[in-house]
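Q: Sharing the record's features from TrEMBL:
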ACT_SITE  Cys386  active site, nucleophile
BINDING   Asp116, Arg121, Thr202, Thr242, Glu275, Lys389, Arg456  NAD(+) binding site
BINDING   Phe272, Leu273, Ser274, Glu275, Lys330, Phe375, Leu376, Lys377, Ala378, Gly379, Gly383, Lys449  substrate binding site
COMPBIAS  25-38  compositional bias 'Polar residues'
DOMAIN    442-539  domain 'UDP-glucose/GDP-mannose dehydrogenase C-terminal'
REGION    1-38  region 'Disordered'
Amino acid sequence: MYADMDAASSSANTSEDSGADFSVGRTSPDGSPLFNASYSDSTIETRFTSLSDLLPSDDASFSQVRRSNLPDILDPTTAAGVVIKNICFIGAGYVGVPTAAVIALKNPFLRVTVIDRDEFRIRRWNSAHVPISEPGLDDIVRLTRDGSKACSVEAVKSSLAQRIGARSSKISIPARQPNLTFATASSKSMAEADMIFICVNTPTKVTGIGAGYATDMTAVESVVKEVAVNAKTGAILVEKSTVPCRTAKLVQDILDTYRPRARFQVLSNPEFLSEGTAVKNLLHPDRVIIGSSNTIPGRRAAAALAKIYSTWVDRSKILGTHVWSSELAKLVANAMLAQRISSINSISAICEGTGADVHEVAKSIGLDPRIGPQFLKAGLGFGGSCFRKDIGSLVYLARSLGLHEVGDYWNQVLLINDLQRKRFARKVISRLNGTLIRKKITLLGFAFKKDTGDTRESVAIDIIRVLLEERPAEVAIFDPCCSVAGIQSELENLGGHDALNVYADPYQACLDADAILVVTDWDNFRMASTPDHTNIKRPQSPTDLTSSTSTIVADRADGFLNLSKDQYLPEPPCPSNCPECAYSFPSFNTEEHLEWARISYHMKKPKLVFDGRGILNATEMEKLGIRVEALGKAESGFTLF
Ligand SMILES: NC(=O)c1ccc[n+]([C@@H]2O[C@H](COP(=O)([O-])OP(=O)(O)OC[C@H]3O[C@@H](n4cnc5c(N)ncnc54)[C@H](O)[C@@H]3O)[C@@H](O)[C@H]2O)c1
Ligand SMILES: O=c1ccn([C@@H]2O[C@H](COP(=O)(O)OP(=O)(O)O[C@H]3O[C@H](CO)[C@@H](O)[C@H](O)[C@H]3O)[C@@H](O)[C@H]2O)c(=O)[nH]1
């Protein structure tokens, strides 16, 4: 797979490179010539002859002035004269909309427009059926998209009132004008924008040079061309998407090619939010990184962006860097986080062979402040749309620079992640006596992590693939947040299979299961924190699947806004034939815990539950007759002493 990469740096004049379809061109680390219509193939060849071509020093537009002589981006005077009134976000996805909505919320005098070519997505953002399930997001979208009514709230309950020292028992909140719009029409929104955020997807290439590792820049390239044609001169382009290091040069090259006389500034402002906590992360970021060129206009553009963030982010958390550092920092942040997960997962395999408990090991090492407790949760490994692709991009970058050992080092993080899923699936098969024929296996969870309905790079798919090879009678799937139709469409990647069934009810999914696999760390799948087995209502008959469950307090992001429900304006009405109104979502109340006693009653012996996320208390489950097998703990029956 990598053989082509070295060849590419010395001989780019291949059939892939010379074709007009840029989607299959090299994208990292220095793909800009391939995206620049003005370069001939011979130009490309000259530019790829040595490693020094890949280094920033050759790039005048990004390194004109020594950094020490540049104005401070946090100094409000640096942005003087840069007027930002209209902002356009391109890409109405998991990053584009939460970021746009929070910027709109905190900057009521800015007009924010989110555009996307996906009409279905835009229609849903303009409806009561927002397409992304993210705690707190629907509140912010409603407030910024629809505006709000004036109202008063009880001061005693309001942290806002406490902060402003209000004496009255009520404080008045004025009406708010809408300042967030969703649209498919792109050229007008781009033409009006003073600042344009690129938030489109940057997946891994699936074919061509670097397939499986390099970033597919098709969407970025396409929107930058549109921006070049439509944007007003002086507009600031912000890379919000995660992109390979030196993409800003690629962007600048495209702009120069299509609008040679216009002047644009290109910034890098990577996003670090995690799904499930996106609103929380955006409202309280650890840091905001703004990368710019080493030029005065570059720093002024960075200062203008810093000013927008500083309406709610402490200036000490806003860091100005060179654009290459900012682009690379995003890949490195994800690689370091994922590396911790693979490191602890590699230890989980050792634990299984030695009798140590990986959770005890993780806790023990996490107490060392130099190591810290975060991202040491052993289990099925990382899924999601980011970690795999971003490490792939880093591996590709290193190998393209001839740093093969460095590439191999980071690639090992991916290999350990794959291994963990395989080990889990093999463990299930082995515990079920090596055969799944005539057996029902239930997967609890399909989303790549809790508190999201996102199924991209779901761990579940890989596990199901292995299970299906053993020809089970049924693989049943339940997730509290993913729609049945959404899971079914993901399963189509497996080529469709009669044995696969998606349930909207967890108890139906678990009925008569030979084994249950906990695949996502949903809090609902944990046992209630104070289990009292004497009080657990046992079903009277195997068909009694109706009893209610205990309640947990969900860690939701609501309340961030100090909002009274009286403030909301009515949501846009749905047409009578609204397809989303007919969508089937799980009937399960997402603020309830599963009743494991009830599940146990309906399971087949030996009542095996495989805990892929380390969220179940094996001792408590044993009281219900359930045997829990987990990654990172000694094999059942293993005794050292
Ligand atoms: N999802 C996350 O948690 C997260 C966090 C940080 C960074 N990122 C990065 O942000 C970027 C976007 O990720 P996402 O999860 O929001 O992706 P997404 O798939 O949810 O959204 C991307 C959107 O871009 C739209 N799009 C693609 N090409 C377009 C075009 N030519 N014109 C208009 N719209 C177009 C798509 O229709 C889609 O709605 C990626 O680079 C990703 O790596 C994602
Ligand atoms: O100790 C841990 C922590 C996480 N995970 C798994 O790792 C994956 C990713 O989790 P998380 O990082 O919480 O979610 P993401 O939404 O993928 O966020 C990551 O990817 C984003 C996209 O680039 C970045 O912005 C975030 O900073 C980065 O945390 C999930 O499958 C988790 O189950 C573990 O297995 N063990």
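Note: Cβ is positioned from N, Cα and C throughout, glycine not excepted.
Each of the listed features needs to be described in terms of its position in the shown structure.
A: In the shown protein chains, 24 other C-beta atoms lie within 10 A of the C-beta of Cys386 (active site, nucleophile).
Within 10 Å of the C-beta of Asp116 (NAD(+) binding site) we count 22 further C-beta atoms, all protein chains included.
Counted within 10 Å of its Cβ, the other Cβ atoms near Glu275 (NAD(+) binding site) come to 24, all protein chains included. Glu275 (NAD(+) binding site) falls within neither a helix nor a strand when secondary structure is assigned with DSSP, and so counts as coil.
Taking H, G and I as helix, E and B as strand and the rest as coil, DSSP gives the domain 'UDP-glucose/GDP-mannose dehydrogenase C-terminal' (442-539) the counts 29 helix, 17 strand, 52 coil.
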Q: Consider the binding-site residues Asp116, Arg121, Thr202, Thr242 and say which one has the Cα lying nearest the Cα of Ser274 (substrate binding site).
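A: Going through Asp116, Arg121, Thr202, Thr242 one by one, the Cα closest to that of Ser274 (substrate binding site) is Thr242.
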Q: Quick one: of Lys330, Leu376, Cys386, which recorded positions lie within 10 angstroms of Arg456 (NAD(+) binding site), measuring between C-alpha atoms? Sequence order, please.
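A: So far as Cα distances go, the recorded positions lying within 10 Å of Arg456 (NAD(+) binding site) are Cys386.
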Q: Over all pairs in Phe272, Leu273, Ser274, Glu275, Lys330, Phe375, Leu376, Lys377, Ala378, Gly379, Gly383, Lys449, the listed substrate binding residues, work out the largest Cα-Cα distance in Å.
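A: Max span of the substrate binding residues, Cα based, is 24 Å.
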Q: Quick one: which of the binding-site residues (Asp116, Thr202, Ser274, Lys330, Arg456) have their CB closer than 6 Å to ligand 2?
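A: Checked binding-site residues vs ligand 2; flagged Ser274.
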Q: Among the binding-site residues Lys330, Leu376, Ala378, Gly383, Lys389, Arg456, which have a Cβ atom lying under 6 Å from any atom of ligand 1?
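A: Checking each Cβ against ligand 1, none of them comes under 6 Å.
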Q: Tell me, what is the mean pLDDT of the domain 'UDP-glucose/GDP-mannose dehydrogenase C-terminal' (442-539)?
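A: On average, pLDDT over the domain 'UDP-glucose/GDP-mannose dehydrogenase C-terminal' (442-539) sits at 87.
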Q: Within 10 Å of the Cβ of Arg121 (NAD(+) binding site), how many other Cβ atoms can be counted across all chains shown?
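A: Around the Cβ of Arg121 (NAD(+) binding site), 21 other Cβ atoms lie within 10 Å.
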